[in-house]
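Chemist: Before anything else, here's the structure in question.
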Amino acid sequence: MAGMTTVPSYAPSLWVRVCHALPRLDLAMQMRDNIFIPDSWEYQQTLLVLSSLSAIALVISLLVVLSFLIHYCCCHRGDRGEGSEEEEEDEDGSTGHGYSGKKGRGICCVTWVAVAAVTLCCVAIGIGFYGNSEANDGMYQLTSSLLTANYTLASIDLLISDTITGLQLSVSGPLTTMEELFTGSKPFLVSTRNCRRLSENVINLLSSISLAQSSVVTGLGNDTTNTLMVNEDYRWLSYVLLLLLDLIVCLFILLGLAKQARWLLILMTVLAWLALFLSWGSLGLETATVVALSDFCSDPNAFVLNSTNFNTGTSSDVLDYYLTCSRRMSSPFQQVLTQSQRALSNIHTHLSSLDRNALPQFSKAEKSLREVQQILNSTEGNFHQLVALLNCRGLNKDYIDSLKGLCYDGMEGLLYLSLYSFLSALAFTAILCSLPGAWRSFPSESEEYEDSDSESEDPFTSHQDSKRFLQWQPWL
């Protein structure tokens, strides 16, 4: 009884229900249903509208960055003259490096803004690595479950093919020979013909079962599953490269701020622009994928039932049996299997009767009779395996596992990737706004050269430094 209560089941998660409840608008800004119909142009329009939100956010980010660039380029033109006057007034209170107090506070402010943005970007990168791993785990569970289901379907087809081939060989070979030997004995001839008729009946019954060609549970063959695995590998690698790009940009920005290397920050600014476009672009793709996946995961049985029935022509009773695997439903193959089992049992009864009664009189029929019995034993073994594989529990478990991998881990991973893209886009927007102010506040090479020359030419500075050095040496 404990095994009967642990039937695997699937229920949409909270995130699936939340994303599925989002309103949908088409390109004409009219409300549309959220039923998962990927081939419908109206449904594709709703996904395009949701993806376009990231494009709007990208435009806003560009406007924000552009406003800051205009602020630095146009509004700070007079800062150099004012800064030089302040430096002359505060020359005695300076540290000897050519920075005024206002200028030092300015570079400190933009530097901390850049550091905070880089820190946010690093947090987003960590979230992205976790989300990429979760999405990959979900796709791996999906593809492995589909491969297992396809292997089961192929095994069913192979058992049916072997059983039919064996029965056909028995009909065309030893049973025909036995009919020729029992021509003079009507009872034995009738039993042999009954065996032929029952064998042909089993062949017809088993020929009506064909699941491997229709892919009843998944609707996906091994080729399609392998394609999914290859595409997932490319997707995972693409996100890893994107995350590494963001990480390299963040690390070198920190290095450029620490070393006050203007050329390095300019190079990282260019890469930050690239990362900004990639972040908003990936967010648009992730948004459309998350919403489409939530629509599918909210009612996957309906989509699989309609698409598989339309593409393969499999009956809805067979599909519903394997998709739901309810205890209240009987197997659609129950009648076929029962009739086949009875036919095989009757063949076995006729062969036992011939073994007892016919062989003492027709010793030449022993070889043919033994061949038929051997084929029948092999057929009964294949039949028992076929009955076990045709039960809905195995295929339904693979189907539920594939749904859990796609709709639980895969959905969670995509949500984390969406959060990563959003946070990284905000971080790079802040970085692009702060970096121009940071590298403009750095001293130029000419200023550093003049500072070094002034310090070397100042006799009082050199005399005071030597005096301090002598005072520091107690033995001199």
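Just so it is clear, glycine is given a Cβ too, placed from its N, Cα and C backbone atoms.
According to TrEMBL, the protein carries these features:
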- 84-93: compositional bias 'Acidic residues' (COMPBIAS)
- 445-458: compositional bias 'Acidic residues' (COMPBIAS)
- 81-102: region 'Disordered' (REGION)
- 443-476: region 'Disordered' (REGION)
- 47-70: transmembrane segment (TRANSMEM)
- 107-130: transmembrane segment (TRANSMEM)
- 236-257: transmembrane segment (TRANSMEM)
- 264-283: transmembrane segment (TRANSMEM)
- 414-435: transmembrane segment (TRANSMEM)
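Any idea what these are sitting next to in the structure?
Modeler: Within the chain carrying the transmembrane segment (47-70), a Cβ under 8 angstroms from the stretch's Cβ atoms is held by residues 22, 24-27, 276-277, 280-281, 283-285, 287-288, 291-292, 425, 429, 432-433, 436-437, all 6 or more beyond its ends.
Residues of the same chain lying 6 or more positions beyond the ends of the transmembrane segment (236-257) and with a Cβ under 8 Å from any Cβ of it are 111, 114-115, 118, 121-122, 124-125, 128-129, 132, 135-136, 264-265, 267-268, 271-272, 274-275, 278-279, 282, 417, 420, 424, 431, 435, 438-439.
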Chemist: Which sequence-distant residues neighbour the transmembrane segment (264-283)? Criterion: at least 6 residues beyond either end, Cβ under 8 Å.
Modeler: 54-55, 57-58, 61, 242, 245-246, 248-249, 252-253, 255-257, 417-418, 421-422, 424-425, 428-429, 431-432, 435-436, 438-439
